[in-house]
């Protein structure tokens, strides 16, 4: 019975049901025996083959002696593309994926269809209807050309372009320099990096019933807190006890209960690494490595701003630690911890969190449970096998500067630009200045004008100015332009002659003379320059001999393309692989081969605009070298000056602000409560805090702002006083809200300065700049009230 559901179904690859016709070697020997004089019947009986099969085989051999016969011929006859075209198509798809610009399945099928139509390849009818290749062909192409659909990993543009051969080569050059200078062994080479451990794990896979669409797994919370863990490993397989940074203002010793033996605990408000903590970690590192100026060690790290502070460099140099940084945005390839340790470490940490949640139902993981989980993850992941593999895979130890291949640098080819030598760069930069400063000609020498090209007629090809053009058969000869007027001591030369026009063209006059200066004689228009007395005459530029059906083209001028021919790109030949496919496809009518690269070119970024910028570009450096250290000291000079300000400057600045506030006219309080904050708050004039003023954008020292701080469950707001400015970073103290009595509903909030609560925040953390506060309270303890509505911020 016929089933309509199989009407449009075709097998992905046909499977043979019998073995008839598969023994092509036996058929070939039987055919040779028939050619030797044996009959077909006798040869079939002697070689044990079917007589009709042998007869068909002999007939096909006569029609196509060099063709492929049998079952293989059936497969070849059903192919849409040749093997060369299919290989070129698959290679282009792989090249796009290697450059991180891979195509999706639908894009590939659309490319295959356009590739076939542009090359006049006959395709099935359903391809033309859907404008893309069929599903069966796509599955067969994947199998034949080793293609697969993969889920790509999100890679930033900075990472893909920064990892290039030039940048990586500079890192290995610096590594070779320090290894040759200090003769480091495996036990002396270390790598340090930070990683985050959160209180919310990523659930691992679980076993469930088949067909269930959604499976859940318990996690500690929706959003967790981050504890930064700092590890250092050596090329000999040693792991230094970690340092844990907790998101707290004050550190307590019980924070690291259950951590690995020898661990160091610290705390910051954000839980991230900063310059002060990195100096603390250097003391921890020096204690465990026993490094001295007589026994130096190498510490490889990234270019994070907390690692390259001047104080950290000086401490490392004093204790025999050589600091080497890797190029920015290349840690995913050049850092041993990222290559082979932190991946297993994160998986082991997530597994330990899952086990903790199942062992403690109904409880959540806090930051104080993280140290014990870190210990479990370290035991499982920070093993010598992973540590040694990290240094080997990056080529750091054993040293191998050729560890990465061209395929690894393929994503960077999108933005690769040719580096000019320093001399050429200076010449290009100085070219405008040289043109402006070019000296004028001498008084007795005429200025040499630029050589002009005579415009051709509408129906004539371009002709060069200096040389005489051979006339056509029906046109008179045209004389060459005359020489330039001679100097005072040379015989006079005639002016440029008028070019004789064609028979059907009006006469064209010679170029006009350039007006001379007041003290200079008249100079004629451009013409051929006469040679010196002791030099032979310089011949005119030669004319390129044209083809039989093409007009003559002059040598010095740019040859314009014909109107019916498109301009050919200078880089088109570079993108085609040598010998991949023929340039012309043989068929009923010869057509130019269209490569897949012509349909979807390889990605290439446009030339970078050379704009002046003050941003310092990071690079790999040996930080402890004296020239590099002095350069960093010069850059950090301004910041160090601000940090070196005495603490009395804050009080002086605050006293000045307080004096200005006292001079302002205050509303008269009731006689019974002259110092009460309630009376001044009730009579205070409110300012519209949503008004857009320039004061919100300009923040100076002494201003008060509302700062947003991320808490454990929600974000909280504090009022901060700006004491130090550092670009987009601010330092100061937080104000604390105080209660003025039992009934505080209609009373303006009062704040006092908490000198112990020092903090550092960025411009992005500022929610609002507040107006100048009113100073209330007693002289011993200054209190502030703000003339705006701040109730909605829920200030602490």
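In case you wondered, yes, glycine gets a Cβ from its N, Cα and C as well.
A TrEMBL annotation is a machine prediction, not a hand-curated record.
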Annotated stretch (region 'Disordered', per TrEMBL) among the listed ranges 1-21, 22-42: 1-21
For the domain 'HTH psq-type' (27-58), residues assigned helix / strand / coil by DSSP: 25 helix, 0 strand, 7 coil
For the domain 'DDE-1' (226-359), the mean pLDDT of the predicted model: 94
